[in-house]
Structures are given as C-alpha cells and as structure tokens.
Amino acid sequence: MLNPIVRKFQYGQHTFTLETGMMARQATAAVMASMDDTAVFVTVVGAKQAKTGQSFFPLTVNYQERTYAAGRFPGGFFRREGRPSEGETLISRLIDRPIRPLFPEGFLNEVHVIATVVSVNPQVSPDIVAMIGASAALSLSGIPFSGPIGAARVGYINDQYVLNPTQAELATSRLDLVVAGTQNAVLMVESEAQLLSEDQMLGAVVYGHDQQQIVIDNINQLVAEAGKPKWQWQAQDVNAGLQARVAELAESRLGDSYRITEKQERYAAVDAIKADVVEALTGQDETLDVGEIKDILGALEKSVVRSRVLRGEPRIDGREKDMIRGLDVRTGVLPRTHGSALFTRGETQALVTATLGTERDAQNIDELTGERTDRFLLHYNFPPYCVGETGMVGSPKRREIGHGRLAKRGVLAVMPNASEFPYTVRVVSEITESNGSSSMASVCGASLALMDAGVPIKAAVAGIAMGLVKEGDNFVVLSDILGDEDHLGDMDFKVAGSREGVTALQMDIKIEGITHEIMQVALNQAKGARMHILGVMERAISSPRGNISEFAPRIHTIKISSDKIKDVIGKGGSVIRALTEETGTTIEIEDDGTVKVAATDGDKARHAIRRIEEITAEIEVGRIYNGKVTRIVDFGAFFAIGGGKEGLVHISQIADKRVEKVADYLELGQEVPVKVLEVDRQGRVRLSIKEASAPSQDAVVPEAE
C-alpha cells in the first residue's frame, strides 16, 4: 500500500506542501514539493560505493521543466522536450550551489538530483520549490549531508521586504533576491536590484534567512517521521606520518612559490614542487598512493596561502587585503562594431562588444508560463586560451551561461526602456585572460561598450569580487580576488553597481559561521573598490556618446492610423515586402500604429517614411492624381494613383465620345491625369479621365509610384 507522509505549512502568502512515500520508491529518496499549484517532483539517488580513482565529488543536479505542467505542447518538429533551456540550466546551478558545500570532505560517491516541474501556477516560480524539494529529498535519503537548507525569494516593494512575491508583484519590485542557507548560516545569494543601498541588500539577505527557518523546521519533522537510516560512511583517516613527510619536503618551497606574482610562472613552480615530492616519496616506497600524496599536497597548499593572509602578510600577488589590481580601460577598440571596450584588471581581461538591432532581433523565449521577448542579451564566452589551456570549443557550458546571467543582472538596472531607446541590444564578453572575477570584468566592459555604442544607460556600472579567509574568530576580507584566492578561500562574494547603489549581488559561501558583521565588512569594502573602478572607467568615457555608430541602424518612428496598418502590410505582406526591398530598410509595425523604420542610411529611411505616408494618405474625392495604367480589362483600366492605391477608370469615363476598345486609348505603364469620383464603403476607388481633362480642374497632381 502507498502511504504518503505529508507536511503542510504556511510560507509567506503561500501554502507549502512536502510529500514523500508515494512515488519513485526505488530512488534513494523522492519528494513532491508544491507551493500553491506549482509542484516539483525531486528525486535523489546516491551510489553506495565511490568509483575507483575518483578524485572529486561527482554531484549532478538536473532541473527540467515539462510543458504539460502548464497544459501546453512543446514546440519544435518532434513536439518533445529537448536539451535544457538557459533558464533550466540557471536553476540547476541555483540548486547545486547551496547544497554542494554540505557534503563532507572526502565523500566521493556519485549523487544525482533530478527536479522535474510537473505543475505550474504562472504566479509562482518553480525555482524556490525545486530548491526546497532537493533539500528535503537529500535530508530524507540518509546520504551524508549537513542540511537541510531553506530557500526564499525576497522582493522590495514600497520600501518593505516581501517574502516569495508573485510574478505580478515582482514586476513592481526593486529587488529580486534568492537566499538559501542552513539553520545557522547563509550559504548562497543570487540577486538583481534597482540600485539599492548596501544596507538594504544586507537587510534582504537577513530577512530571507530568518523567514526560511520554517522550511528547515518542517523538513526536520518530515525526516523524523520518514527519513531513511544514515549511511555508515567514515572519512578516510589521514596518514599522519605521510602528512609530516610531505610537509617537510614541500611546505617552505610552496611558501616561496606563492610569492611569485605571475600566474603561469607560479603554477609551473607549484607543479614542479608537487612532481618532485611525488617522485621522492614513491621512490622511497612504491606502495604509497599517489592520489593520497596529491590530496595532502593540496591541503598543505591551501594552509600555506590561508596562514599568510591571516597573519596579515601580502597576498599572492603582493597586494594588501583591500587593494585592486592595476586597471587598463579602453573604448572603441574595434573599428566596425557598434560599440567596444577592452577592460583589463591585472591578469583578467575582457573584450566586450555592443551590437544594436531592431525589434525583430529580440529573442523570443518560450517558457512554461508562455512566450516573452527579451530586448537585452548578454553573452559570456570563456575560451580555453584565456587560462593558457587547450580544450573543446563549442556551445556554452553551464558556467558560461551562469556568468553571463550574472553580468546581465549587473547591467540590467541601468538599461533604457523601449520608449527611450527602441533598439534590441546584444553585448558579448570575450574573456581573453582570466585570473579571477571575469564575470565582474564583463560587467565593467559591458558598461563601457554600451556607452561607446551610444546607448543612453542611466549610469556607469562596475563589478568586484570579494573573498574571505576565516579561521575561528579571525577573518580577513579580500578585495578583487585572484582565481587561487577564490579556490583556497571560504567565500566568493560578487557585487555590481553604480555610484548610486547595487544592481547585482551573488554570494557563495563554503563554510558556516559567516556573520552579519562579516557580510557588512565585505559589502562596505566592495563599495570602496567599486567607486575606485568607476573612477578609472570614467576617465576613459564618462557618459554615453551623443550619436550611435555610423554602422548601426538608425530607427525612425512615425505613427499611422491603426486602420491603415493593413494598407502598409498588404495582402500576404506584399506591400511591406516590396517597400523593404525598394528602400533597403527594415520596417516594423506595432498594433497601435507605431511604425519603426531602421536603416544605416538616413536617405533610405526618409524615402521609406515618405512612401509609407503616401500609402496611408487619405484619398480625396474630387482631387486629380497622376495615375499610371497597371491593368487593362474589357470594361476599363486600373490605375495606380500613388501610395500603393489603385482605382478603376470605367470605359465610359475614358473619353467624351464612345470608346469601343480600351486598348485604342490606353497602354500599360502610360501616365494620365485621373480624377477621384468616389471611394465606396469597401474602399474601392472610381476614377475618371474625362473629368480630369475638363478645363476647370485644379492642377494638384502627385506622382504615382
């Protein structure tokens, strides 16, 4: 018999339910998590044995959305879900980041978490539900895991924090922040903000962490009722004798190598030390495990670097804790791009471009809740050469998608709206060198490239990555961390913003015990660093250029009556297609009659606008037009009278005398003055040649085209 065990509780304005014991009973653990009508089914499977030779923790998180959850069919020829979307990839990372640090060091068994969205309320995002479901499933599984964690979304509306705001509320919120953590500590923050202060951002983190305690309490109660026995796993004992021998051979040499400031030279020195130690020890005793020696060397390397920082000694590259690496800022570095910048900070460098396009260049995104259009794209590329390595080059990996999204969050708050700047904008960041915080270099480069392209952003933005080394109550916050400091430290804390406030905050913490004080110190130190970087950037370009690039399309906007839209488009799009070919422009028409004409040549744009005005001009009864014969039929002839409009001259209106054969009087392409006699209810135009030739007629004769 199926005996579901259920926990139900109020979470902000929503009802949250956790249910286990009904489905996927062959998985290590499974939970159906739901918030209102949004439900995510989460499974966890853990391998009982680690793979032989495994040297890292193989945790895989897959978040997947099923279109049936929204009562829809998938798009595409096969009508089936395919590769993960960018949104699914980002939420997979969102689940992974707070749970990964909670597995014990040395645990190398494969763990696979799958979160499947099976029902969706358009007002309730599935990401928070999936994070809580993954936490509950891992806690139930018995796998070594120092959870559970809670997760919460925090908005900021009318100067008040809002727990788990709906999609409608987020539209008016100045903040979209996701925070996850255990009972005692924050582990992960992901956010974008509308230029909030550091205190407001920190307040949101603390508020979200406080509110999610009810989630942790309910997961603990569910585990007490339905949890599986804890795995009998023990970390491998450290060989103290081997540890001492490795320290004797390597400690002082590693300390010296970490005084080498150039990255590749330092890496070569460290690799040589490790190779020497392995060779020396295995030469004395062939039974020693090379993997164990390397693990001890890695731990020793970490200890050497951290101890130096905590003692207040200079950092790896000789800087003090709050110093920023040397900056080099250049704009307009590529001649034919619409905007470009080269931003260099120490050994991290980003070549960033901005490209302007029309509305049809915008990205149409098909989501569970329906389609939406994105007018601002930011893509981040991290080729292997930027770290001096060889490797595969192809479609973007999870890391590139995640870093691109973070950089986009950092810039989004200062982008102009469509009414101010009717362009689609694509920013691409090519990381050409990397030694820490390439995503924040992308934020700086994006701001510079956008200003170089003439995009009227509200303010310049810059980003900085902070780090932390903490032992007991002793801690040091580091500004502008290197890649090694990120790897060997306890926190990666990225902040982007303008002089006015914060636009994005991302935090990943590897240890418990990060206090309110530490986060406050990090935010304040980051603000000082951001102001320094903005000062250097402003010396290169202080405001957006007054004009867009000569190679970018100029968008001209006119308004026509909405009942004239069909005339400009024509049957099957024939008129607008002919217009774009004739004028060499791009023409877009909105439902309210707004017409956008885009062209790199101003004369072409003006020509297109003039043609549209002719097409949409009202035909005046009694007015004489210069018509051109387009068709000859037995009962008369059809004339083009300008603006794509056509009228009929009946055979009786060709001449003052009786006409037996139209072709005796008219031929195709002939231009003749015609007078408008009538426009009927269906828009059909009656014309006359004989009335136009009467001596009393006015000589108002526009050219037909």
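Backbone N, Cα and C atoms are what each Cβ position is placed from, and that goes for glycine too.
Database features (Swiss-Prot):
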- ASP486, ASP492: Mg(2+) binding site (BINDING)
- 553-612: domain 'KH' (DOMAIN)
- 622-690: domain 'S1 motif' (DOMAIN)
The domain 'KH' (553-612): DSSP-derived helix, strand, coil residue counts: 32 helix, 16 strand, 12 coil
ASP486 (Mg(2+) binding site): secondary structure state under DSSP, collapsed to three categories: helix
DSSP-derived class (H/G/I helix, E/B strand, else coil) of ASP492 (Mg(2+) binding site): strand
For the domain 'S1 motif' (622-690), the number of residues DSSP places in helix, strand and coil: 6 helix, 33 strand, 30 coil
